[in-house]
Amino acid sequence: MFCRYFCFFSLCLFLQTQRKCSLGHVSSLGGSDAASLPGFENLTMGYNKYLRPFFGGEPVQIAMSLDIASISSISESDMDYTATIYLRQRWTDPRLVFYGNKSFTLDARLVELLWVPDTYIVESKRSFLHDVTVGNRLIRLFSNGTILYALRITTTVACNMDLSKYPMDTQTCRLQLESWGYDENDVIFTWLRGNDSVHGIEKLRLSQYTVERYYTLITKSQQETGSYPRLILQFELRRNVLYFILETYVPSTLLVMLSWVSFWITLDSVPARTCIGVTTVLSMTTLMIGSRSSLSKTNCFIKAIDVYLGICFSFIFGALVEYAVAHYSSSQKHAAKTPREGPANELTKEMEEINITSILSSSITSYKQQISFTGIEISGDNINCSDLTMKTHEKIKCFLRNKMYRIISYFTIQNPSNVDHYSKLLFPLFFMLVNVFYWAYYLYF
């Protein structure tokens, strides 16, 4: 056992001696070989990847640029979007300066030997670095010590959305980059070329949205541990409303117009008008449920499409109620005009008239007795309130009672056939006016 340990120790000592000899041979080759491997002698002699450039001095200037490869999905229910981006960071490290005018692309695994910024994506829910076929990272070293560090990242970022005007809304989303541990005394974030630092976003073709405009911002994030630099890419997404017009608005409008067909059908066609009314109500209900099922998690919002569907449902339900009122008034009028035949019917009619007359007479007599001291005269449906002997509160009650009688008589339907006649004009007119106000409000306000 002792011999095994002794042999192993001798082998390690031999390999270490050979490594020292080889390093001494490389260092004695001259300046040409040292220039062909720029920075390696600094990495092995005194370079500390745990200390930032200019440690203890001025902050490091980190310039960034972005390429938006794709925005794969925008979720209203989760209020986030998923994007694939190419993030490029540039900074200068004087410890890596070498002679010459060349730049060298190094193996991405050498990033473990260098100091890199601790940049992270604010409000990111999920992120990952692509690793097919190798880790999608790039390290490029320039002779003046500038380092280009590029990454390919797919991230899901939260985006607070206001869905009150859905589907005629415009959403503003952000992609924010911030330093995790280094505050503004250590690092300074800047965009490489302002708005021109972002590429690819104007070429995106999204299923429901169109990129209206975008711009870059530089700000600071004030936190308990300090003030941290932050870069912001803000872009506006306008929803394409044509799909929703064909999918929801046109069918709901056609259902409202279908409910108006019952106005041209006679009141005696009970099955036809009832079938149209019930069918349109059920169809509208199904359409409303389908429109809300796609945004099940955002039902707390009263959206523009919900308002329109509610308007359409109200008009359809109103058409059904209109027929109920017209048919009831017509049946009451016909019942009052239809004579009863036969001695039994005549006897029943006489008895009903006698009973009603006696009841009305007794009621009016008792009512006159109750208010006889006030001098109120009852004449038909109206009560004379001009008696000077009446008290003030009694005159007020009398006046309100007469007004109520007038209002009731005003709304009494004298000719039920006129209900359909007026509905043919009023329903389409009011629906057109509501549409004008609706579209003007949600498109221009």
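Just so it is clear, glycine is given a Cβ too, placed from its N, Cα and C backbone atoms.
Taken verbatim from TrEMBL:
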type	residues	note
DOMAIN	41-240	domain 'Neurotransmitter-gated ion-channel ligand-binding'
DOMAIN	248-349	domain 'Neurotransmitter-gated ion-channel transmembrane'
SIGNAL	1-17	signal peptide
TRANSMEM	241-263	transmembrane segment
TRANSMEM	275-295	transmembrane segment
TRANSMEM	307-325	transmembrane segment
TRANSMEM	425-444	transmembrane segment
Average pLDDT across the domain 'Neurotransmitter-gated ion-channel ligand-binding' (41-240), rounded to a whole number: 92
Distant-in-sequence neighbours of the transmembrane segment (425-444), which means Cβ under 8 A and at least six residues beyond its ends: 165, 168, 256, 260, 263, 304, 307-308, 311, 315, 318-319, 322
Residue distribution over DSSP helix, strand and coil in the domain 'Neurotransmitter-gated ion-channel transmembrane' (248-349): 85 helix, 0 strand, 17 coil
